[in-house]
Amino acid sequence: SNLLRKPAMKWLKGKWLDLGSKAGKHLQFKETYDRNTKIYTYEMTIVKVVDGDAGGYRCEVTSKDKCDSCTFDITVEGRQEINSLLSTCRGDAGEDAGDLDFSGLLKKRERKQKEEPEVDVDVWEILKNAKPCDYEKIAFEYGITDLRGMLKRLKKMRKVEPKQCDAFLRKLEPAYSVEKGKRIQLSVELADPNAQVKWLKNGQEIKPSAKYVFESVGGIRKLTINKCTLSDDAAYECVVGEEKSFTEIFVQEPPVTITKMLDDVHVVVGDKVEFEVEISDEGGNVKWMKDGVELTRDGKYRFKKDGTKHWLIISEATKEDIGTYYVYTSGGESKGELEVEDKELEVLQSIADLTVKAAEQAVFKCEVSDDKVTGKWFKDGVEVIPSDRIKMTHVGRIHKLTIDDVKPEDAGDYTFVPDGYALSLSAKLNFLEIKIDYVPRQDPPKIHLDSTGSMVNKNTIIVVAGNKLRLDVEITGDPAPTVCWKKGDTEVSNTEGRVRVENRKTLSSFVIEGAERGDEGLYCITVINPAGEDKAELHIRVVDVPDPPENIRCSGVGEDSASILWDPPKFDGGVPIKGYLMERKKKGSSRWTKLNFDIYESTEYEAKKMIEGVLYEMRVFAVNGIGVSQPSGSSKPFMPIAPTSEPTRLMVDDITDNTCALKWLPPERIGAGGVDGYIIEYCLEGGIEWVQANEVPVEKTMYRIRELQVGEKYLFRVTAVNIAGRSPPAEINQGVTIREITEHPKIRLPRQLRTKFIRKVGEKVNLVIPFQGKPRPVVTWLKDGAPLDPALVNIRTSEVDSILFIRQATREHSGQYTLSVQIENMEDKVAIEIQIVEKPGPPIAVTVTDVWGFNAALEWKPPKDNGNCEITGYTIQKADMKTKEWFTVYEHNRRPSCTVSDLVMGNEYSFRVFSENICGQSEDAGLSKNKAVIAKTGLQHKQQPYKERDMNSSPKFTTPLVDRCVIAGYSAAISCAVRGYPKPKIIWMKNKMIIGGDAKFLMQNNQGVLTLNIRKPSLFDGGQYICKAVNDLGEDQVECKLEVRGNHP
């Protein structure tokens, strides 16, 4: 396609400043179009360049939904004037609209280096004002070799003063995160409550609206953003006068979840299959899989979407389609089973016996459920051959055999056999011979009833409800008789309407249109003429499909099954009930699944292959010879749940003179029903009556049975209870005698308390000491032989243990604690040594006792406070009086003296000593009272002349870019490393196009380590990325491929 319209051009300075609004004498814009070359030319002219014009610029061109951009820098040097700046952007109208190419690249001017006179500068002042990344360069320039010493001195010299903000008392947070569709509030606090603020989004001022709400309460200013979308993911700032507060909002898309799960589908071969699922977001995508293979539109499978609903459609199911189908979203999954059974041929209408007269037409007709089934006709076992008189037709599901001009040899048994099915339909053709006798002219009336057709026995006619009944009765008599029809005592004389009588000379027809149940009854026809009268009675039965079954209920459930009961329908339709059809569905679903295709005769059914823990509903259809009834009402929801297995490891925990304590473990198999509690029962040994000890099931796995008889033997059992009922019992089959058991007191002291127990000052002390003894012993605590002070130590004692607790230990808690457990005259004691320690004090009397050569001897005395534990060593440090920086000489020195060697001649040294114990070093150190002076000798050092090294080099990448594969929506970064001097300029490109000031990309350079951060990449951010480094000595580049994959499970 061509560029039908002129593209839109924007000139920007920095990230967001649109220069179009600044047009005037200083900035001038011009645009031209060449019809021959189809090139648009845009020019920006800066008149009388000033220092403020320096910086980065960007020109953007857009056409329809395509965009391209180009960035360049302007540098203003000295008094040099820049008259004009020309940039040409070209869009070939013969290419796709929006794929624009900046062919007029801006040229970079060389900087003119001005020779500056050498001046005497203060290196430390330069370092104080320089960036940390330039320290190494400055040190090399001024000949500083001790970089570590330089950094330590610079750290002491530099005082970091926090930048004061006059306008803001509280600024915005660096970043905020909010979910899509939620509300977020930005808040700042101002020093001046009357100050006016501006809120900006990506550099553009925000106007109040229903989406953006401004609030002002005193000095607090709030911006509320309602119903956040992905377009709100941007940079925001609050402006007060000349001061600004910046932040960034990240909008997170919530995962797409499944709100309506897949249902199982049960169909026959050839039926249409539809799997339906509903998700939480209209814009969400789903993936369909079967047996681990993703399904695609290959003709067999079709996919349909309507809002949040998605369908998988199989037009004609086959046996190969059986399996488990899965649907996945970014935040969930569901599965459904497809069962396909062979289709059975159903006879909708069978052929009926016929009785015809000579020269009449005989038609045998039948209807089957499948319109594609073909078949053959047989007479007396011999296949019928079509002829001019005999015709066979097949239209849809109806098969006909028509015999014209019936002859006596046509009588016989006719059979229709469908191809491919073990099924046959038979009927008989009867030939009626008519004899003509001489009838006198005076003939009494006579009613001639045809006993064939719909009469099941003599004078009884059956009609299906809703069908039409036409009863033709032949009447003879001379003269022509009068006909009268009655139902009971009511005469039927209507000649029009639903029930009517139609009379002709020798034929009276009784017609019922759309037979109803009320039409059933005894009908009488009477014919009268002068020669006499005749009467006949007919009984009409109206049959229909039965009423629905009643009282559908669940009588019991299992782990994956349920027993269903129902009552037969009140009205069977006038035909005996043949059986029932059952359907079930999950609660909340609208799709019913057939449970049987063959008629089930009983009124009790066990449904299987259900999922434990899922609520189901059932309904039943009744079937008779006429058809299938309407469905019954749905049963109450029921859940297949099996009782748990029996509790495990039942044992006796304690026995007294009238109680017994039991304990056990939960069942190994619990299932979806969980465990609601436990029932405990007991029985006298040899008895058969079990007594329940607890009225309400207990949740704990222990219980004490009370009010037992002393000296008797009891048996015990425990059962678990849930919604499905009781589990099998766990039993103690050996009799347990109820009697008091005496046990000597015994303290079981933990292993860590058998030696001295040491803790630091301020730590928590929690000692749990178990003991045993029956009856319950008396527990006593002592400290150093005296009773404990409850204000210092907390004691808690139970039947089986005693706990000593100190919230914050101090040194006065140290001592020997004695625990005594006593039952009458029996007693057991243990002693526990507790020592609370802390860091020691500093050594005292640190003295330099001797100095010789490059050595100094030190001595000191141990600290007055050893922290309530042994001193384990000392740490000795020295300091040169010139730099006054301390360096460690010895660590963990165990003696109170040492010799310091390798001192520098001509320097004066001071020493300090730290004491150590198991808590660590002392907070303070002991300083030496005198100093050690290392005298100079007659040696002189001749310094070699310094030769400056040329550090200039062209850019060279030391670490290349690496191909990466990332997931869409998750931030990613690609990194490489470069070296070169002078510091090279870094250019990032995507698909050979320079990445400009796009807020989606963040470019960082930390000591030569280059990083390109990509916020929430999409599928369109994939491609080839190039990093190019350029300085005056050359250039180098590296590249990689970035693949962005969709966020699918």
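Placed from the backbone N, Cα and C atoms, the Cβ positions cover glycine too.
Listed in TrEMBL for this protein:
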DOMAIN    162-257  domain 'Ig-like'
DOMAIN    343-415  domain 'Ig-like'
DOMAIN    445-539  domain 'Ig-like'
DOMAIN    548-644  domain 'Fibronectin type-III'
DOMAIN    646-741  domain 'Fibronectin type-III'
DOMAIN    745-831  domain 'Ig-like'
DOMAIN    842-935  domain 'Fibronectin type-III'
DOMAIN    955-1043  domain 'Ig-like'
Let me check one thing: do the domain 'Ig-like' (445-539) and the domain 'Fibronectin type-III' (548-644) come into contact, meaning three or more Cβ pairs under 8 Å with sequence separation of at least 6? yes
DSSP-derived helix, strand and coil totals, residue by residue, for the domain 'Ig-like' (955-1043): 3 helix, 58 strand, 28 coil
Would you confirm whether the domain 'Ig-like' (955-1043) and the domain 'Fibronectin type-III' (646-741) meet the contact rule of 3 or more C-beta pairs below 8 angstroms, pairs 6 or more apart in sequence? no
The domain 'Fibronectin type-III' (842-935) touching the domain 'Ig-like' (745-831) per 3+ Cβ pairs under 8 Å rule: yes
